[in-house]
Amino acid sequence: MAPADGESSPPPHVAVVAFPFSSHAAVLLSIARALAAAAAPSGATLSFLSTASSLAQLRKASSASAGHGLPGNLRFVEVPDGAPAAEETVPVPRQMQLFMEAAEAGGVKAWLEAARAAAGGARVTCVVGDAFVWPAADAAASAGAPWVPVWTAASCALLAHIRTDSLREDVGDQAANRVDEPLISHPGLASYRVRDLPDGVVSGDFNYVISLLVHRMGQCLPRSAAAVALNTFPGLDPPDVTAALAEILPNCVPFGPYHLLLAEDDADTAAPADPHGCLAWLGRQPARGVAYVSFGTVACPRPDELRELAAGLEASAAPFLWSLREDSWTLLPPGFLDRAAGTGSGLVVPWAPQVAVLRHPSVGAFVTHAGWASVLEGVSSGVPMACRPFFGDQRMNARSVAHVWGFGAAFEGAMTSAGVAAAVEELLRGEEGAGMRARAKELQALVAEAFGPGGECRKNFDRFVEIVCRA
């Protein structure tokens, strides 16, 4: 409701709706923190809405208990997770299903009321949120507020989800027979093959919770979003991807990588926790001589593939730092850990401060699952990659790294010891790898320019703040 003549507008109250699974909420919180800092002069306040378990993890990760570590104009607001109280142990896919069912059944409207109550009755003036939580669109409309979704993955994957219906109509039930066919008839996707599409677009279980979620999201975004934040920077996406998205979503605002939004002295990476001594170990290694290996917190190769990877790292004769969940260590070849520790040629840890590791001058190659956050962290650090994708958008990301941007390689299927050794050797020292290393540095320079004074991502983030706060 507009203020009466002579009355000043109340300060903005932005509800930030998280998808409380995997790393989604943490990524959105980094944006909310940056938004809160940028919007403070306008008197804006932000309510960050997520489930109890999600908020507990965020508090632990950022040492934000009792509000410490959060800007004064950003508050956490707990919302129900949709799970029956009697169910103590619920598998994650079922948790997602219950959460989305609750959101669609009017839950987001109730969450916005909770945000209003937490803000002392201040009306929600804009709803920013993870694009996965598409029911926020209707809730925002009911509250008379614009919906500004945040997309955390790659632009090409977003385009594939928006075009799911036309892709299914084209490919039909022939996905298995057309795996290597380029998607030339779909604007923006000509660089990708049928096999690269995310699970649930033209193959896999269309009724799986994530497949249903992103399909509905892809249908909702073009008709309901006031603007869409993109986790990319000008010059990264191919022109056809950028043009196709601009035609479908006229108000795209690219200001990624999102982890670079916070000022250096405020970011978690300014003084990284390093309980396993990764950075000290890297300090004893040759410049650009180390292969860093990590497949994130969800993806994990099969036991036989883990052993092949370990054998390949040893065969490469390159020093390596491997972040691997401790429950997988018993699957490694006999004596592997002892040999690595005894010679000092390798370090296997249950967790590593990835951003700081990739920025370290000793790291020259990144063996990764090609999750989008990892890809962007590698890009912003200038490190070439060897990608072993597993699911979701990872295949599109790996294709982008190897064939669109040309700063790495991609395994087609499972890793072999010979393939790993060859990839690591090429990225670190190979003749063909020289072009990949140079291209990685070019992309790193583009990121630095985009986030420097007057850079395009800084300008775009300012525009995002204006869109969110002018409502």
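Cβ from N, Cα, C; glycine included.
Swiss-Prot names A352, Q354, H369, W372, S374, E377, D393, Q394 for binding UDP-alpha-D-glucose. Of T152, T164, T242, T297, the residue it gives for the same site is T152. D130 (active site, charge relay) falls within a strand segment according to DSSP.
The closest partner of E377 (UDP-alpha-D-glucose binding site) among the recorded positions, by CA position, is H24; the full candidate set was H24, D130, H161, G392. As a whole number, the greatest separation of Cα atoms within the UDP-alpha-D-glucose-binding residue list T152, A352, Q354, H369, W372, S374, E377, D393, Q394 is 23 Å.
All chains included, 21 other C-beta atoms sit within 10 angstroms of the C-beta of G392 (anthocyanidin binding site). Taking the centroid of the Cβ atoms of H24, H161, G392 as the anthocyanidin site, the other same-chain residues with Cβ within 8 Å of it are F132, T152, A153, A157, P198, I210, V214, D393. Counting other Cβ atoms within 10 Å of each Cβ, the recorded positions H24, D130, W372, E377, Q394 show the lowest value at H24. It is 12 Å from the Cα atom of W372 (UDP-alpha-D-glucose binding site) to that of H24 (active site, proton acceptor).
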